[in-house]
Amino acid sequence: MANFTFGDLALDVARMGGLASTPSGLRSTGLTTPGLSPTGLVTSDFNDSYGLTGQFINGSHSSRSRDNASANDTSATNMTDDRYWSLTVYSHEHLVLTSVILGLFVLCCIIGNCFVIAAVMLERSLHNVANYLILSLAVADLMVAVLVMPLSVVSEISKVWFLHSEVCDMWISVDVLCCTASILHLVAIAMDRYWAVTSIDYIRRRSARRILLMIMVVWIVALFISIPPLFGWRDPNNDPDKTGTCIISQDKGYTIFSTVGAFYLPMLVMMIIYIRIWLVARSRIRKDKFQMTKARLKTEETTLVASPKTEYSVVSDCNGCNSPDSTTEKKKRRAPFKSYGCSPRPERKKNRAKKLPENANGVNSNSSSSERLKQIQIETAEAFANGCAEEASIAMLERQCNNGKKISSNDTPYSRTREKLELKRERKAARTLAIITGAFLICWLPFFIIALIGPFVDPEGIPPFARSFVLWLGYFNSLLNPIIYTIFSPEFRSAFQKILFGKYRRGHR
């Protein structure tokens, strides 16, 4: 503040550095600190998030009057103009470690989002309207890292807001603006993906104008949520010049408005959209699988006839499916087809498959079914011994037994591979959506729970460490976004590799 003395600031710095934690330590620095009573030294941690005054020893309090009032003036009438100071005395190692960790965090966030922006601008394959949303998201997260996080680091280390209240108001508004814009961009991306999945014509109709309109709406809504405290919608008791802390407005009405608009409503929309995307993707994958199976069955019917008047049969023996007391039943399946000019040997009118060996349970094994399939293919091929190019192939044999069981020998390597691929696609879609929604909820849900209940509960019930942790956990989402929304794209991965190895040169893109 403008009325700080050098001794005041030196005292704060000394306490932060662990140089002076007792009155004797202060005297050893040779600094005089007007307005500080030795018996009124603060001993408790500073409640950095909500401006709580510390506890005082010997029953007296220390104060710095903004109008340079006398140090002996401790009357209650001046307490509203006093600024209470209470700094947690950390060791030098603790401060250095905290500074390094948070500094690296901010640096990684800046680098990650700069990579995304550079990739979209430099890589030709990424020059499409769908990536405009990714680009705008990276800009919002970069603003969080550049404009918001550095002051958060300073506040986290010092535990005191040293700047003017006007700077605090602007910083809080920018914080809410950028974080809200980042969250709303995730909703816009989810909507774009949902329309692309459910609407056949959306990809064709998705123009730059449409995407830019979505981006504009995102920033306007974020601005609408962030600026009300600048126009008076705030808690009048939350003055940084009095409390020594800079926090978002604790007005109950604004708290509900901002948390619902910035998180809870977007979260609900995202959850609904991604659940529907997953259902549509799963339905489409299974539908494609069914259509492929149906088409394959049509082309792989058991058909062994060389001319319209000549028929061949495949006999399927069901002895193995019945219990030992059951009667043996044989069923024949006939399916005529044309011979394409071939004449089979008259003596091969009927082709009978040999009975399959049975396992201990009386049911034929899969390996036996495969052997039987090969045997029938050989026999039917021999039926065209006059040199016909068409080779009959039996790819599907079913045995319907008395007990209602159906055994299929359609266990070819091709079908197994296709089933594995379809299952892999479905699992990948579910995993991708789970990562996106899970990261969003893990990062932001704890912060907004505390932010919503904060004005309605006793502030002492929420530890300052918990407030700091959930705040930086929310900031962590700005570091994860450039990873989550690009790592699944081969184009982005290729662009990142080119950037890392300096393959982008002037005139070569």
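Using the three backbone atoms N, Cα and C, a Cβ is placed for every residue, glycine included.
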Identical membrane-side domain name, H92 and L421, from Swiss-Prot: no
According to Swiss-Prot, the disulfide-paired cysteine of C168 among C108, C246, C318: C246
Residue from N68, N366 to which Swiss-Prot assigns N-linked glycosylation site: N68
Which of C168, C246, the listed disulfide-bonded residues, has fewest other Cβ atoms within 10 Å: C168
Beyond the flanks of the transmembrane segment (133-154) by 6 or more, those residues with Cβ under 8 Å of it: 99, 102-103, 105-106, 109-110, 113-114, 116-117, 120-121, 171, 174-175, 178-179, 181-182, 185-186, 188-189, 192, 211, 214-215, 218, 471-472, 475, 478-479, 481-482, 485-486
Stretch with greatest number of CB pairs under 8 Å, the transmembrane segment (100-122) reference, 170-191, 260-281, 433-456, 466-488 candidates: 466-488
Touch test for the transmembrane segment (466-488) and the transmembrane segment (211-233), at least 3 Cβ pairs under 8 Å: no
Mean of pLDDT values spanning the topological domain 'Cytoplasmic' (192-210): 87
